[in-house]
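Below: one structure, written as structure tokens.
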């Protein structure tokens, strides 16, 4: 029997015998503990009990892993929804939310929209009233934190708004205590606003006459801001013999453009025409004649260093290949071209893998590009001295865009296919690497791979070497391969194991490969632009960025990944690219679709051109880049015109940022009467700010 005295002593001093209570297991830990206890109770021997406990423990571990994956998926889905909501508020609601906005930023922006002032410490009050000094004990309560977000309407403009004198008597301050939940917080703010609105219907500064002038200021800005417009001349103006095909037609077209008050023209300088037959033998005669004709009309010229081939469904029977001497080298060494997973070579442009490989008659890829650019600069030095050339665009990939040739129609791609990665490692190399790694010998025989297996992976060797090096530095040599479950050109993300929800793109290997794939594209741009800056010193340099907007609403952004932009929902794939462009003081030209995606297409391809445009343009502007635009050939209606004007001069941008110029592509010469917009004159006047146009919702 227990001693009463000791019991009383224990009660009097609980610190003597008190032991910390063990925490009750919860969730899967409770399940595992219960299963272990049950196994121990029913086991007939200690060995059986241990086995049961181990089995239950393993089962609980698997359940925990599954729950982690489900939680990760729910969080990713929640962030995707939040991202779209914030994008809508920024684009359509005039809310200048920061890039990493949270609900505090949204709440503060809503309060300011309703006419309240929100201090950085969370104190909220009506305008023209300073917040009262808080008592000393309240200063440590930690009011509900709300970040400071600048309102699109300045404080000086709001101070001129008419407010009832009766509101000046008592400053209505909303103090928010930590004990208030977000729901009760909303009710407090809304109740205060509604009470004032009912009592004084015209008291809100947003409803006052002076504040209504803010929209007029924005419309005035859109109306007066001048965005120069350049027209891209049709490709067939210069034939394959570097001659002006029809000088009179060129003059007629330029005369028509001059009457429309166009600021200048875009001329493609094709590598496959100028250096066609022999290396370092450049023929510029046709371009000299063309530039002299353009100079007669006193128009500016932007030239494009076109290091890609031209020809396809929209080429109007015009075909311009890479130089013939390059194609001859390619017959002997096909690895100078990009190669897809089935071993098919694309001659749209040269592979990034030979940028520093001396495989082009003793020259590297970037040396070939530099010699071409230097030849142009030397040949037309007199026109540069006259400032006839306003800028030079550097082609960095297919169609002159900074991307991989991942969605080539001649390879079988059709919209909205995800495209294919353009390099990895072949099966032959995998077998050889396996022998070297595990058996310490070199495979001595010629490896013959059946066609059914060969189609898995087979890409150019120069990028294989690059990938091998990156995988070895990472410490996982077996990662030196491309994904074998990424589908084909016409596949959809959900049909693949790599791009589907919770797919391999977000695995450790997937992240490694995609980062390397994107970094290779960035390094290519860095290498070429470094030499372009030397060739065209003190001349504006332009780089074109594509608009890969299909599958933008999915988690993986599959089409962007295959194009070289590592931009899934949890990653910003454009920031590293724009950092390189900023390094070389480059103007970023973005391809604006101007298309209104129908609901069927949005559901079918999860396309979001507006969301992509918002991300790309704001990311570039936030990094201080000069931004320009260019339309697609498929845009030819008035609605598309108005959408492009809204993109070029955003009405709701609080910083009043806009395009530095806009390039209008035409499918054929204007003198033939086939133009993109029905009223090109109207479009140019809107861009120049001569007229406002109907920029409202269509």
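Placed from the backbone N, Cα and C atoms, the Cβ positions cover glycine too.
Annotated features in TrEMBL:
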type     : residues : note
COMPBIAS : 1-14     : compositional bias 'Polar residues'
REGION   : 1-75     : region 'Disordered'
COMPBIAS : 29-58    : compositional bias 'Low complexity'
DOMAIN   : 58-212   : domain 'BES1/BZR1 plant transcription factor N-terminal'
COMPBIAS : 60-72    : compositional bias 'Basic and acidic residues'
ACT_SITE : 401      : active site, proton donor
ACT_SITE : 630      : active site, proton acceptor
Between 401, 630, which of the active-site residues has the fewest other CB atoms within 10 angstroms in the structure shown?
-> 401
Do you know offhand how many angstrom separate the residue listed as 'active site, proton acceptor' and the residue listed as 'active site, proton donor' by C-alpha?
-> 12
The compositional bias 'Basic and acidic residues' (60-72): DSSP-derived helix, strand, coil residue counts | 13 helix, 0 strand, 0 coil
